[in-house]
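S.K.: Please see the structure below; I have some questions.
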Amino acid sequence: MAVYIAREATKLWRKVCAEIAVELQLLFEKWRLLLAGLVFQYIHGLAARGVHYLHRPGPLLQDLGFMALPELGQDKGYVSESVFTFIFISFLLWSFHPFIYHSKRFYTVLLWRRVLAFLVASQFLRIITFYSTQLPGPNYHCREGSKMATLPPPHNVLEVLLINFPRGVLFGCGDLIFSSHMIFTLVFVRTYHKYGSKRLIKILAWLMAIIQSLLIIASRKHYSVDVVVAWYTVNLVVFFIDNKLPEMPDRTNGSSLLPVTAKDKDGRTKEELHKLEKDCKMKEEFHKLLNGNTVDSTDRRQRVQMNGKHGEDINHTLSDATPNGT
């Protein structure tokens, strides 16, 4: 038993090392895009922190979701956060499963490049919307009478840049339209729906996205419009960007080979074009042979001249032979 475990552990370690080597090569090629996506996460947090200084508490707006869903209460606000944390960690672990399991449908680096592209585009639109109009926050710490509803002017730039993480992120106000939690949730769910392999998990993922939407409204963390706008905005963003980005190579066969680089692809394309031109020429000649049009006008003139010369040679030979015959 111990020998079997040791042998399997060795195989697993070799597999992990091989996958790390492959992913590191991809990381060296794509690190700029990944770094830009991570930096924008900080910019998004900084923008949310900045709008908190502009937030002014007021009476809650009339909301259909608030009327339809019972209020969970301040002491149960952790429920929606727990669901979101579960979705986030589950997706994070799944995105690294090619390092361990045989079934590999994607490269982790390329997957996260797409995910960050979806997140950045959605968050950029979100920043524009919540700076365009500041609504009175429905969350408990954003209501009238709360000390955290409005932030005092910052004493220095460093206070703004540090964004009071993580408290400043969890207890922000003013960054409403549209929900950041729903951006992450929908991007993760849509990504798994495309690259995941378990149909049951796909159904459960969409179900959890719906439950997360209802919990956010019931917890009074966002208005219903914030969730509704997130649903169609994020889905449209993912749809358009996904069509613009090059499709990731399929790894269903378990291959650990790197995808073809642009340089290799260009070289291969030139060879394929050269072969294609050759094939086209051969096909044209074949069709000409079938149709009786084997030569062009230049070749025809040359052949006519050759035939004429050949005829003259024959006549000359015959004329020379005639006296000898008589």
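Even glycines carry a Cβ here, placed using N, Cα and C.
The feature active site is assigned by Swiss-Prot to HIS181, HIS222, ASP226, with similarity to another entry given as support. What Swiss-Prot records for 316-326 is compositional bias 'Polar residues'. Taken from Swiss-Prot, the feature region 'Disordered' covers 306-326. As annotated by Swiss-Prot, transmembrane segment applies to 33-53, 82-102, 115-135, 169-189, 199-219, 222-242, with the evidence given as sequence analysis.
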S.K.: Three states by DSSP: which one describes HIS222 (active site)?
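M.R.: DSSP call for HIS222 (active site): coil, neither helix nor strand.
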S.K.: Restricting to the same chain and to residues at least six past its boundaries, which positions have a Cβ under 8 Å from a Cβ of the transmembrane segment (33-53)?
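M.R.: Residues 27, 109, 112-113, 116-117, 119-120, 123-124, 126-127, 130-131, 134, 150-151, 153-154, 160-161, 163-165, 168-169, 172-175, 180.
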S.K.: Can you tell me which recorded stretch out of 82-102, 115-135, 169-189 has the most Cβ pairs within less than 8 Å of the transmembrane segment (199-219)?
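M.R.: By Cβ pairs under 8 Å, 169-189 leads among 82-102, 115-135, 169-189.
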S.K.: In the same chain, which residue numbers or ranges, 6 or more beyond the ends of the transmembrane segment (169-189), come under 8 angstroms Cβ to Cβ?
M.R.: 44-45, 47-49, 51-52, 54-55, 57, 80, 84, 87-88, 91, 115, 118-119, 122-123, 126, 129-130, 133-135, 137, 139, 141-142, 148-150, 163, 205-206, 208-209, 212-213, 216, 221-223, 225-227, 229-231, 233-235, 238
S.K.: Please classify the secondary structure at HIS181 (active site) using three-state DSSP.
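M.R.: DSSP call for HIS181 (active site): helix.
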S.K.: What residue among the active-site residues HIS181, HIS222 has the most other CB atoms lying within 10 A of its CB?
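M.R.: When each Cβ's neighbours within 10 Å are tallied, HIS222 tops the list.
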S.K.: Distance check, please: Cα of ASP226 (active site) against Cα of HIS181 (active site), rounded to an integer number of angstrom.
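M.R.: Cα-Cα, rounded: 10 Å.
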S.K.: Do any residues of this chain, six or more beyond the ends of the transmembrane segment (115-135), have a C-beta under 8 angstroms from a C-beta of it, and if so which?
M.R.: 33-34, 36-38, 40-41, 44, 47-48, 51, 54-56, 61, 95, 174-178, 180, 183-184, 187-188, 190-191, 223, 229, 233-234, 237-238, 241-242, 245
S.K.: Do me a favour and check the Cα-Cα span between HIS181 (active site) and HIS222 (active site); whole Å is fine.
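M.R.: So the alpha carbons of HIS181 (active site) and HIS222 (active site) sit roughly 10 Å from each other.
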S.K.: Let me check the 10 A CB neighbour count of ASP226 (active site). How many other CB atoms are there?
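M.R.: ASP226 (active site) is surrounded by 27 other Cβ atoms within 10 Å.
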